[in-house]
């Protein structure tokens, strides 16, 4: 197969991945202000698309992590893996992503991407082709740390927002003002999403250009790559928005404006800072950390650890699972040109099949309009009545224990 | 080799930035609520509230300037290697 044809194939698939990423994640940023009525759905979707576009132009640190860090360089060919291998990895990521979407499993498109890439590299070029210290310090550890950092931030911010706006003598705190703040904070989340997620595709395309000898390995990301990735993610965001509008009104987690503002500010800060240091994060995971943290920060918030654990398990699963699919695809491409054709045809077939199945069956999982919403379910916020009942029960228990103790002593 | 200071930087910057923005916005919301109560210093409260919202926007603008290499060079004169 012609070298340039495979490069074009990889770029097309990468942009498709970018598009689905935007498509999938619009809800994460814009669902809350739409739900609280702070902004009309049409405006929200357009705003999210524009900010994703702008965000993609802000930085290239994450792209450099992917193009110049994770895969080891080969002194003779520049990069240890060829474009065919990247194609295989990308195919693994896309298929795993669509598969989890079909089953309604929580997953991270970013981790699917890294899983597929690493799996393909290991199968295609051996264990030495992956730089594990970069993988650990720029992908795996941030995956654990960033949601935690964002969660703690959201917890503190929620407490702070309620403390500052609390008023004495029963005067109304008018926290409705946070609704308009949420337009602002959601916009920042959309911006940070463009900054971190669009760069992953830029990194993949740059890696491909380097691997096929079209670009020096130590040079940065080319402008046309930045621009096409920015447009792909913005288009995906815009298209994905219409799906949200269609399913709007389905049970959104109970998020109060002040709490949502605190959560979104924490998400945006964490993602933007991480992007600047080249950490390739899953924006969904960071946002989920914030939603859980801010829920805990509210009066009477308690975490349903079972639900939270199930979501975390789904995330844990993504990297190795996508790695296996990517690895299998890489093994097939070893057959040569015919292998690449098999991967391309089988992959496209799998995508179409998943799409047709999803048309046929009713979408239970789509009633939850975003992954963040799933995470919101991990926090249970007790109403005033429930809190009182709980305190009463606890007091009763304590009294019973005290009388028991007295009885024992006498 | 893991660069732990990078994680520390992310944590501290995230906390400081988010808390500062949320504090500024919350004070703005509170001052607007105070202004709605009526009374003598209604205008002052309202002006204070809008000042808070402006501070909020400035913090975000500063953050964006720090991230974009071209902007931080042009405005702050820092060439960030990161």
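Don't overthink the numbers, they just go from 1 along the chain as shown.
Using the three backbone atoms N, Cα and C, a Cβ is placed for every residue, glycine included.
Listed in TrEMBL:
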type     : residues  : note
TRANSMEM : A:45-66   : transmembrane segment
TRANSMEM : A:78-99   : transmembrane segment
TRANSMEM : A:111-132 : transmembrane segment
TRANSMEM : A:139-164 : transmembrane segment
TRANSMEM : A:221-240 : transmembrane segment
TRANSMEM : A:312-332 : transmembrane segment
TRANSMEM : A:338-357 : transmembrane segment
COILED   : A:381-408 : coiled coil
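Same-chain residues lying 6+ beyond the ends of the coiled coil (A:381-408) with a Cβ under 8 Å from its Cβ atoms: 254, 295, 298-302. Beyond the transmembrane segment (A:78-99), the same-chain residues lying 6 or more positions past its ends with a Cβ under 8 Å from any Cβ of the stretch are 3, 6-7, 9-10, 13-14, 16-17, 20, 71-72, 107, 109, 112-113, 115-121, 124-125, 128-129, 204, 207-208, 210-213, 217, 318, 321-330, 332-333, 339-340, 343-344, 347, 350-351, 354-355. If you take every residue in the coiled coil (A:381-408) and average the pLDDT, you get 79. Counting only same-chain residues 6+ beyond the ends of the transmembrane segment (A:45-66), those with a CB under 8 A from a CB of the stretch are 22, 26, 29-30, 39, 134, 138-139, 183, 186-187, 190-196, 198-200, 202-204, 206-207, 220-221, 226, 229-231, 233-235, 237-238, 241-242, 244-245, 275-280.
In this chain, the transmembrane segment (A:111-132) lies close to the transmembrane segment (A:312-332): three or more C-beta pairs between them fall below 8 angstroms, excluding pairs fewer than 6 positions apart.
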